[in-house]
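**Q** For reference, TrEMBL lists these features for the protein:
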COMPBIAS  B:174-198  compositional bias 'Polar residues'
COMPBIAS  B:276-287  compositional bias 'Polar residues'
COMPBIAS  B:413-429  compositional bias 'Acidic residues'
REGION    B:173-228  region 'Disordered'
REGION    B:271-297  region 'Disordered'
REGION    B:410-429  region 'Disordered'
REPEAT    B:8-42  repeat 'WD'
REPEAT    B:54-88  repeat 'WD'
REPEAT    B:304-335  repeat 'WD'
REPEAT    B:364-397  repeat 'WD'
Amino acid sequence: MAQEDSTHLRPSLIKHGGLQKFIDSGKTLSVTVSPRDDSIAVYATSNSHARPSSNSSAEYHPIYMAIPHLPPSGERRTFLTDTSVIFAAAQNLVRVAREESVQIPDTVDGIKAMTKLALDYVNHCKECCIYAAQETARRESLQFDADHYRKLYTCFSLFMVLYMPEGGFEDAPVGDELMDWLNTHYIEPSTEDGDRLSSLDRPWEDETFWHYLTRATLRGLSRASAFFLGVLSQHPSPNLQHLSQRLIPLLTNHPRLHQFAAERDFAVASRRWKDKVKSLRLELDRVPEEDREDGFENWWERFSDIVSILEGRGDSVKRIVSELGGDWKEVCAVWSVFVDTRIRRSDLPDLVEDLLDELPPDPTNLEDVIHSSLFLGRPTQALSQAAELDIWLAAHLVDIMESLQLIDVEPDDSEHSIRDHYILSYAEYMRSDPSLWRLTVDYMSSCSEIGKAMADQVLMHVPLRLHRPKGAHEGETEIAQIHAGQLAGVLKEVIATCFEYKREEVRRMICRIAAQTFMQEKEYGLAVSYCASAEDWPGLGRVVDRVLEDYITEGPETFARLVANMSPVLHSLRAAPGAHGVFLHRLMFAVRFAEFHQRRMMGDLQEAAFDLVAMFREDLAPRSWWAVILSDAVELLQHSQSMLFTNNDAVLFLHKLQEIDMRCAQGAQDDYLAILARTMKGAGEKQIFQRLQVIRLVLARYTARCGVIGVGGRTTQGTVY
Amino acid sequence: MLQTGLIPNAHNDLVTDASYDFYGLRLATCSLDQRIKVWQLDETNGTWAVESEWKAHDAAISKVCWAHPEFGTILASSSFDRTVKVWEQIPATESDAPQVNGSGGAVLTSKWVERAMLVDAKGTVRAIEFAPQHFGLKLASISSDNQLRVYDCLEQPSLTTWQMAEEVDVLNLPSGSRSNNNTANVATPTQQPSTTPEAASASLVAHALQQQQQQQGQPARSGSGNREADGGWCLSWCKDRYWGELIAAGCGASGVVKIIQLTQSRRPFTVLTLDPSPSQTSTNDASGKNAPASDGDTPTPFAITSVAWAPSCGRSYHLIATGGRDGRVRIWRVRPPLPSDELDGEPDGDASEGKWSASIVGDFDDHKSAVGRVEWNITGTILSSAGNDGRVRLWKMTVGNVWRPAGHISVEQADEQQADVDMDADAED
């Protein structure tokens, strides 16, 4: 996963060595970065910022897309998703501890819980390794091989052995646990060798026999050792027969820490056992030179090696392990079981430093390098190496390391702590798959303010997918739900995430974007409610403007239909306290105006007339719309069956008309007549004034009718609602 | 880095700019061929298909950029024809004659319409960028006449009325401190003799003369190449809201980037000049009287041709990347005044003046040739740069605030590759 790499895009734009020609022809490269997944688009562009001359059109002009990380797929995706659950649990633990203002390492329960979670990580690495090693047909090919997960497994479990001892074992000898770790991950001697040797009548004649026996002893595999020592009772040399019988109980009774309740007992038993080994050495030395060969091997030397391991001779251990192809880790484990049986975790760095001088780690093997850093007690260094191996490892190690106070928690110069740095790098890796945005946000939000702000960026760039798809789609139901006014799909999830992490600013922006989308789709009711949810009152005003614009361009029928679903929102808005002044006022006008047209078209003329009057009486109608409303009133005023307005209403209309005339005379035509002009579709000034004349005439006739009839239609003021 | 896609032939001529929309699902490209194309990503297979294309200008297009989606689906384009145009995508109605151009052939579901044309520039408009959405629908442009212009959209649903709110002569912009405006002007490093006569003629009068000359004297656009070698290059808005409207702009061949504060209460002024010349890293304009230092040794003048202001993402400092003709990618860490320096939290008060500071946290000459583009990712954690070495390079911050190279991409054929690559065969990858 190292990123210091170079990539050649294909098909190549420049022939090998052709760069200079490319540059000389006035071209260069340019790049732009995608907010979706940090992928970049690369293209050749004009280098001369002066007026560029057109290049030959015979060339092709490609745009390349490239991405910094391979997006997780197949088993890797599952692995990331599964371990994120553990991460969330760990976060929970840290949060609870913080709320109780305790440090996790200070409480037994805290450590226990954290250890359990770390073990979960280890087990997931193990399972993923086992899964990846299976030779079955898979739906998706593996992104990382079993060996990669094995490395994660060894590193994470070593971290646990060294830094997360079981409760009460913090200051206990570490040998057994190290040897267990080694035996779990680096199995030697191989089972195949064992099977093969055990099938032989005289296995000591096989060249691997003594290697096998020595390695089994080194690794503390007393049962295997004892079995083959037992076989040696058939060996032609009586000395060897005897010695091997003496050795068997020593191996099987090798005192191990876990067999003892107190370390003191362990120490005493170890001393006694060492004495027995010494007496075996004495017996061994008494074997005459001529009996030390069996015609295949110098069995005495081999046997002596085994005894020297038990004796705990450091130099012999190093030599024997090297000869057997073991590395510094094996020496270290053997050392802590046979040489210095009481070695503590805190002593390991010194020991390993010495060992590494003689048996250096393989610098090309990141796994080995990480192991050495962990052994040397350099967690920070281990992290940077882990990040090279797999940022997953660094991120999940650092999270635990910080909670255990193994690393510096203070932010550095860049205002990132070490933990945040690796967590954010990991989150950045996950961004390569946009559909992992939830996990990305979770990890980022677990960091300090900078991480949370980055999570904001990720959240707000999640495509909301509100547009109705062109064809029939699976997702259509969700989109239909959204359009029916429910929260569904991505929008629901994004908003829920905003609530979860209390990112109100982001939520509002998302609502504004949703409102804009709905406005474009003429879903005005939704647009208004999302504006309201974002408390975006200017935006609400723009939706109303757009609606009224639709009246002008599309006519009253369409307008009334589009606005129909706005009125419920209006009612809830008016019920809400602290509202929102001028924009709400405009919304009320639009809704009222639409209701008027709705009723008019339905033939409910009396109610329509009420609406018309109310728009003036309640001062809902903006001046620019007066002329339009009056013009729309003409139809009702001329209604022959009934008098729909009172005399007062008609007078009110006349007043408004008068004001329009007067203002226009003062030069404010644009303010008062522009919209009427637009509804009349390109009518000239003359026609507009004619229209006003018509209104005046109709009004005059109406007031006259009121006068003639005397009672004048209705005299009481129509109630508004 | 891994190649994930390819548009085999985006335009009929060199692509001059490309810009992803807010979600990265669409890519707008423009070209010397005077056309804009909008490409849509098919997320199921990672391919890009043209959604719309149209002839947008009467000359080569220099830049294209998207407005924030809360204003609608809006593009702006700038051109060598000295105009900036604002485009909006709207749903197509049945009666639509193809006003601009829709998706050819397929059912016309949407169309792009020209909403506004801004014609104030007296030279090539080289860069445009919409303001961060919290400042409203605003657009900044910078052009070869050295002017930074900021436009306000007055009628948002219609997008037709744009008012020029600011017109800033970047070279002669006064610094924040009122006392030494003039000295700051004189000391502008651009005003070195020789090599670039345009840089020297930066005064308004001279510039006006120059324009006249250009308009009258230059018969065609051919000879004007050198004339336009100087002028305004690049701009980038501060993405943060807290400090008010700030723009970083690169102009002329002085090698500096000015950070310009726009406020309603007073004329724009420079709060900080990012000057990499040795004596004045982190020049603070208010105390920037040390500028004459550049008179002694005359460094080769160069232009900063690209600037990118990273999203601040909760950091107490800002990251600004620059790329220039000197072949360097620089990452500046710009610190605003400490909050305690402010009396009442007003970012534009005089109290906060003079306390912006900057330092270089990354200075890379890996391109070893002119750098034409720098751009941040949305979290401000990865910087991409492109240069005349035919490479795109990535830069990342590592633990301890150390910026490091993080891989590069080449369009040059690798050594081991066959001499001719069959384009069609590879096109699908």
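Every residue gets a Cβ built from N, Cα and C, even glycine.
Locate each feature and note its surroundings.
**A** If one looks beyond the repeat 'WD' (B:8-42) by at least 6 residues along the same chain, the residues whose Cβ comes under 8 Å of a Cβ in the stretch are 48-66, 68-69, 73, 75, 77, 79, 87, 89, 112, 423, 427.
Per-residue pLDDT, averaged over the repeat 'WD' (B:54-88), rounds to 96.
Secondary structure by DSSP for the repeat 'WD' (B:304-335): 0 helix, 20 strand, 12 coil.
Through the fold, the repeat 'WD' (B:364-397) approaches residues 1, 305-313, 315, 319, 321-331, 403-412 of its own chain, all at least 6 residues removed from its boundaries and within a Cβ separation under 8 Å.
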**Q** Given a Cβ distance threshold of under 8 angstroms, which distant residues of the chain, six or more beyond its ends, lie next to the repeat 'WD' (B:54-88)?
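**A** That would be 16-23, 28-36, 38, 100-101, 112-119, 121-130, 132-133, 137, 139, 141, 143, 151, 153, 156, 159, 162, 221.
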**Q** Cβ under 8 Å to the repeat 'WD' (B:304-335), counting only same-chain residues 6 or more beyond its ends: which ones?
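**A** For the repeat 'WD' (B:304-335), the sequence-distant neighbours (Cβ-Cβ under 8 Å, at least 6 residues beyond its ends) are 233-240, 248-250, 253, 255-257, 259, 272, 274, 276, 356-376, 378-380, 383, 385-388, 393, 395, 403.
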**Q** Under the DSSP assignment, what numbers of helix, strand and coil residues are found in the repeat 'WD' (B:364-397)?
**A** 0 helix, 20 strand, 14 coil
